[in-house]
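Enquirer: Pasting a structure below so you can have a look.
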């Protein structure tokens with residue numbers, strides 16, 4: 001297993017947010033974490049990379065327990081994180097944003113250069129000198145993914161990559177994620193949008209109120225409409 | 001004409017050092033969000049160390065090597081400070097780091113006198129730059145010309161560092177979003193240390209470069225720190241170019257202000273700063289700050305009004321305090337009266353800072369105005385004491401109404417700086433309007449009425465007024481107004497969206513805080529029998545901040561405890577040791593490290609933990625940290641609903 005999460009519990013101050021979350025991701029797999037707004041998807045990701053102050057359980061990445069490591073160490077082991085709210089450095093140019101993400105190449109992970117990323121996201125190549133704050137939402141979404149890829153991760157957590165994007169851009173995004181998968185990257189993506197997740201994922205988990213309610217293949221999910229209706233329908 | 005040119009050049013030369021120090025402060029603030037109060041202390045250390053080194057190693061290389069080495073030594077001390085002290089408290093509430101650096105400043109002030117003695121020291125002149133150059137018939141020191149050239153050179157070097165190196169890009173990224181930088185695999189710890197060291201290097205260099213121009217004194221830290229704050233705020237926090245422009249502006253204002261407006265020379269700079277902040281609230285080249293990214297779940301403990309038992313306990317404490325005159329001597333009673341006055345002052349600032357979320361760096365203005373008001377009423381109009389106590393604070397209220405109207409348009413550090421500017425303006429008026437205020441000599445003969453003239457009687461008076469004031473403030477916290485105020489603190493945007501007039505609510509809070517500070521000031525005038533410009537000077541404002549932070553900024557009434565502890569400690573130390581500042585500074589630093597939530601915040605944590613243990617994990621809702629339900633999944637559904645925003 002590439003990433004194993006065992007009985008993860010997370011808290012914000014006195015509030016208990018995640019309850020015994022179990023997730024596992026195989027090497028080269030694309031796994032979707034589905035759930036409604038506020039179900040705990042982002043908190044799961046933030047807990048994995050150590051951005052939540054208090055968490056319990058075991059998180060094993062590439063065979064090593066990373067539960068209590070500081071964020072930058074977790075990321076440097078090859079676990080990339082793309083936040084939902086993008087968090088582009090608006091005062092930095094596209095090139096500089098990529099520079100912040102840069103980490104040395106590692107074995108067992110695709111190696112990215114700015115040039116290679118400009119082929120993956122052609123829009124970015126045309127605006128290398130533009131400030132992050134002067135880009136559209138879709139362009140920022142591409143930049144935030146490219147920035148994380150500059151760290152040459154072997155697994156990426158993508159938090160709602162399709163959120164707020166125009167349909168045409170969503171399609172481009174799906175293609176980019178498939179291209180990343182073809183490079184050998186393991187991917188966990190959180191989504192509210194089942195259609196988008198179906199296009200690219202191998203397996204899926206459903207989270208609701210901080211608990212995992214379903215885990216299985218996309219096909220199994222498609223064959224159980226009652227689960228979809230219970231946890232995903234709006 | 002020639003004279004003006006020379007004056008202009010002198011201003012430019014002064015700007016160089018000011019720019020170095022200010023850019024250092026600006027860079028440190030940008031990344032670490034620390035308002036480094038100790039920046040002036042490092043500037044002073046730079047000058048002292050450079051003095052020692054250049055005395056020791058003479059000649060061209062001795063001098064320039066000494067200057068550079070001094071800056072490096074000071075930077076190393078700064079890095080050490082960051083590693084040993086500041087790293088422990090980055091996650092503490094905002095401004096807490098300010099308290100820590102204030103403690104360091106106090107320590108450095110005494111240490112410098114211990115090591116180098118109290119006398120002013122005159123350093124060597126710069127080899128190779130000793131003479132003067134003839135410009136338009138007037139002699140301009142060569143060293144001044146060197147400094148004029150140096151400023152832009154340093155500016156250019158910093159620009160290259162920040163735009164052409166990966167380190168610089170990381171620093172700029174961290175200035176905007178440091179958590180995201182960590183989430184990209186950058187070790188913030190060392191980034192922060194290196195940024196802090198660079199900032200302190202610039203401060204040390206600024207100080208070291210001063211020695212051929214000015215004598216080295218143990219007061220130079222305070223004289224520069226305020227000016228540096230002004231420069232950084234005018235220029236825009238985090239902007240190096242802004243710091244440069246503002247340093248030139250401020251230095252030229254100083255150089256020409258004394259010629260053109262000698263009467264208001266001191267206040268001129270602050271007037272300009274106030275104008276800049278009103279027109280461009282984030283400084284000339286700064287950028288409007290987004291709403292602060294709250295570290296979710298840092299400390300969420302809902303405030304509650306006191307339980308009946310707690311009220312009884314408070315009542316009992318007040319009664320005990322009331323009986324103190326039966327056992328205590330006159331000196332102790334006078335000290336206790338002073339502590340009572342400061343408890344009210346601190347509580348008023350605490351109301352603004354904690355409930356309103358508006359950290360004022362100039363709260364002494366309203367305290368001092370209240371004191372002057374009482375003094376005017378007594379000495380000019382011969383009002384009896386009670387009337388003066390009622391009328392005096394009105395001057396503080398007037399000041400708060402006027403200044404507050406401008407201040408509440410800003411928030412965060414800019415708010416703090418504008419309050420500082422207004423306090424300095426009030427101070428300069430008290431200092432320079434000699435005909436009315438007596439200037440530096442103050443106003444004497446503000447004695448209490450005969451019934452209150454005994455130390456015991458005055459103590460009772462101070463205790464009664466202070467307790468009533470603190471109780472009133474506490475009632476306000478849990479009033480509808482208090483809730484509205486807390487809403488504006490937690491989210492200005494959302495509170496406005498539900499129909500709260502943010503500016504008006506905050507303005508009202510400002511006036512309330514100013515009123516109670518004014519009452520404390522009026523009492524203080526009668527306690528001391530006199531008023532001086534010191535009553536509204538910066539050290540008084542800083543004292544208030546220290547008391548609030550020491551008590552605990554996230555508590556309802558921590559300021560009272562902070563005031564009692566800080567004031568008692570300060571008065572006691574002065575009577576016990578010549579090195580009171582060193583000890584007091586060290587105590588503050590230790591308290592900061594031991595109690596990052598303040599004394600009361602620490603006590604509340606402790607009690608909550610104990611309560612959680614006795615309740616056996618059942619009441620997970622009220623308990624913090626360790627009290628989460630032991631058996632997962634059992635009972636205690638998460639109180640997620642109201643917190644969802646933060647949780648996501």
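Even glycines carry a Cβ here, placed using N, Cα and C.
What TrEMBL records for B:6-27, B:34-51, B:98-118, B:138-162, B:190-212, B:224-249, B:256-279, B:312-333, B:340-361, B:381-406, B:547-570, B:582-603 (among others) is transmembrane segment. The feature region 'Disordered' is assigned by TrEMBL to B:623-648.
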Enquirer: In the same chain, who gets a Cβ under 8 Å from the transmembrane segment (B:6-27) while lying at least 6 residues past its ends?
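Expert: Distal contacts: 36, 39-40, 43, 135-136, 138, 140-141, 143-145, 147-148, 150-151, 154-155, 158, 171, 195, 198-203, 205-207, 209-210, 213, 224, 227-229, 231-232, 235, 237-240, 242-244, 246-248, 250-252, 254-256, 259.
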Enquirer: Any chance the transmembrane segment (B:582-603) and the transmembrane segment (B:98-118) are in contact, meaning at least three CB pairs closer than 8 A with a sequence separation of 6+?
Expert: yes
Enquirer: Contact between the transmembrane segment (B:224-249) and the transmembrane segment (B:34-51) is defined here as three or more C-beta pairs under 8 Å separated by at least 6 residues; is that satisfied?
Expert: yes
Enquirer: Within the same chain, where does the transmembrane segment (B:98-118) have neighbours whose Cβ lies under 8 angstroms from its own Cβ atoms, ignoring anything closer than 6 residues to its ends? I mean 6 or more beyond.
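Expert: Sequence-remote neighbours of the transmembrane segment (B:98-118) are 34-42, 44-45, 48, 51-52, 81, 85-86, 89, 216, 218, 221, 542, 545-546, 549-550, 579-582, 584-589, 592-593.
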